[in-house]
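Novice: Okay, here's the structure, questions in a sec.
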């Protein structure tokens with residue numbers, strides 16, 4: 001995830017050249033807002049990110065005639081319908097699992113999407129997802145890797161439903177040291193190891209529930225871990241552009257990016273209200289009020305601040321519940337200091353409750 005510092009990036013963005021024709025040299029086309037594109041080098045991308053500028057790298061869309069799409073129609077429940085099931089699942093969520101998994105993710109030198117340790121960390125995460133599925137014995141559940149045009153791969157776990165309507169919870173798995181992306185130490189405990197382990201624990205919670213497995217979920221559930229978010233939402237773009245071209249019926253996507261920092265003031269979630277789906281946001285508020293023990297406040301993070309923007313841009317309703325109001329986010333991200341010592345695992349467990357409630361209520365919803 002990225003944090004704004006607009007004035008600091010003005011000089012950097014001024015040197016970029018906008019235009020549909022690719023210039024000579026190693027250049028990337030980025031989108032800083034709807035219809036606002038610029039050509040930049042990889043070094044310029046890194047400097048812009050370090051200065052807080054958010055963007056989507058749309059280089060792979062050249063020649064595809066991409067057109068932003070209106071959201072897929074969805075009918076979200078107006079009332080909680082499965083509180084007994086969800087409450088029993090929440091009781092089995094484990095703070096110890098979150099601590100163990102996040103410690104392991106943080107031990108890689110970095111999880112940068114072009115580094116060798118970025119691949120090694122993805123392989124480790126893939127093995128954890130496989131283990132959860134295998135130990136559950138759930139029929140039909142599977143995990144697959146989705147390759148990108150760079151080293152690190154996406155991971156998608158699927159619990160098939162009886163309909164083609166799909167509900168997603170996702171998090172980016174990569175990390176970055178903004179001073180030295182390829183080789184620098186980037187434990188990425190909060191950004192975004194925290195979101196990654198929350199999604200993993202939500203998967204454990206769903207698959208570990210005999211009541212859920214016996215209920216035969218109506219809608220297909222997917223748990224995503226995206227590669228290359230720090231390079232401009234690269235991995236999530238791979239996934240959602242493919243889903244768009246395939247005509248997938250993604251009815252809801254919940255993004256978990258930054259889930260462990262409690263902030264200095266009142267403990268609360270931040271509901272991202274820009275570049276998200278307002279109807280789905282209202283549903284998220286209902287989930288938080290029912291299943292979490294802390295409040296939620298509206299906040300904004302800017303265009304393309306995280307992977308929900310890839311879903312939204314491709315026509316899929318998306319929301320993001322962040323660790324705090326955006327202005328109170330963790331100041332240690334994108335550095336060697338993004339470590340577990342600054343995180344609160346009780347707060348992270350609240351995120352897991354929300355993810356579990358979101359997936360279960362929508363997974364069981366009829367006529368979504």
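Just so you know, glycine gets a Cβ as well, placed from its N, Cα and C.
Per Swiss-Prot, signal peptide is recorded for 1-18. As annotated by Swiss-Prot, N-linked glycosylation site applies to 92, 192, 216. Residues or ranges marked as Zn(2+) 1 binding site in Swiss-Prot (evidence: similarity to another entry): 172, 191, 257. According to Swiss-Prot, the Zn(2+) 2 binding site annotation covers 191, 230, 334, on the basis of similarity to another entry. Annotation comment: Swiss-Prot describes 301-305 as disulfide bond.
How about a rundown of where these features are and what they're close to?
Specialist: According to DSSP, residue 92 (N-linked glycosylation site) is assigned to coil rather than to any helix or strand.
Around residue 257 (Zn(2+) 1 binding site), a 10 Å sphere centred on its CB holds 29 further CB atoms from the protein chains shown.
Counted within 10 Å of its Cβ, the other Cβ atoms near residue 230 (Zn(2+) 2 binding site) come to 28, all protein chains included.
Residue 192 (N-linked glycosylation site) falls within a helix when secondary structure is assigned with DSSP. With a 10 A radius on its CB, residue 192 (N-linked glycosylation site) counts 33 other CB atoms from all the protein chains.
Under the three-state DSSP scheme, residue 216 (N-linked glycosylation site) falls in the coil class. Here the Cβ of residue 216 (N-linked glycosylation site) has 9 other Cβ atoms within 10 Å, regardless of which shown protein chain they belong to.
Other Cβ atoms within 10 Å of the Cβ of residue 301 (disulfide bond), summed over all protein chains shown, number 28.
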Novice: Can you check what DSSP calls residue 172 (Zn(2+) 1 binding site), collapsed to helix, strand or coil?
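Specialist: Where residue 172 (Zn(2+) 1 binding site) sits, the three-state DSSP reduction gives strand.
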Novice: Within a 10 Å radius of its Cβ, which of these binding-site residues (172, 334) has the fewest neighbouring Cβ atoms?
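Specialist: Among the binding-site residues 172, 334, the lowest count of other Cβ atoms within 10 Å belongs to 334.
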Novice: Return the single residue from the recorded positions list (92, 191, 305) that has the minimum number of other CB atoms within 10 Å.
Specialist: 92
Novice: Among the binding-site residues listed here (172, 191, 257, 334), which has the Cα closest to the Cα of residue 301 (disulfide bond)?
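Specialist: If we rank 172, 191, 257, 334 by Cα distance to residue 301 (disulfide bond), first place goes to 257.
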Novice: Tell me which of the recorded positions 92, 216, 230, 305, 334 ends up closest to residue 191 (Zn(2+) 1 binding site) in space, Cα to Cα.
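Specialist: Result for residue 191 (Zn(2+) 1 binding site): the nearest of the recorded positions is 334.
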Novice: Spatial neighbours of residue 192 (N-linked glycosylation site) among the recorded positions 92, 172, 305, defined as Cα within 10 A: which are they?
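Specialist: The recorded positions close to residue 192 (N-linked glycosylation site) (Cα within 10 Å), listed in sequence order, are 172.
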